[in-house]
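One structure is given below, encoded as structure tokens.
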Amino acid sequence: MKPVTTDLCDAHEDRLAEGTLRVMAPVFRAFGKQPAFAGPAATLKVFEDNSLVRATLESPGRGRVLVIDGGGSLRCALVGGNLGLLAEKNGWVGIVVNGCIRDTAELDVCDIGIRALAAHPQKSQKRNVGESEVTVQMPGAVVRPGNWIYVDVDGILVADDKLER
């Protein structure tokens, strides 16, 4: 699916007004080979520790988008080239990170879409700390497990359920 976030916003102004469709703040940079992607959200809440990110990406993605609330940390990366390849191999369509990624050249050849705040060369800690399948606060929007994520070059949308055009 190739989302067109502008068309979805225009077609669902009522949902924007009632809050069942939300727009993330325009603070994310694009990485990965896919400029547009969509799917149901799997969520993680971590801080400078990507142990749970790896464990989640090792599981079947089944067309989902991994939404990682990394607390907006700009001090280390939560996703790198190896995890990008793992996500692609296991059927994840995309990753949205409220934090940093690294190995951008490697990620840019992965056949998934990735959005993150920035690139950072330092890897994260590995303490096995974090929460999965919880409600997370991303820049500008709350994301709950199972919400639908729509991403393209114009932005990131979060819908309570799958949108029809």
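Including glycine, each Cβ sits where the backbone N, Cα and C put it.
Annotated substrate binding in Swiss-Prot involves GLY80, GLY81, ASN82, LEU83 plus, out of the candidates ARG102, ARG115, ARG127, the residue ARG102. Here the CA atom of ASP103 (divalent metal cation binding site) lies 5 Å from the CA atom of GLY81 (substrate binding site).
The Cβ centroid of GLY80, GLY81, ASN82, LEU83, ARG102 marks the substrate site; residues of that chain outside this set whose Cβ lies within 8 Å of it are ALA77, VAL79, GLY84, LEU85, ILE101, ASP103, GLU106, LEU107, given in sequence order. Distances between the Cα of ASP103 (divalent metal cation binding site) and those of the binding-site residues GLY80, ASN82, LEU83 are shortest for GLY80. Its Cβ placed at the centre, ARG102 (substrate binding site) has 21 other Cβ atoms within 10 Å.
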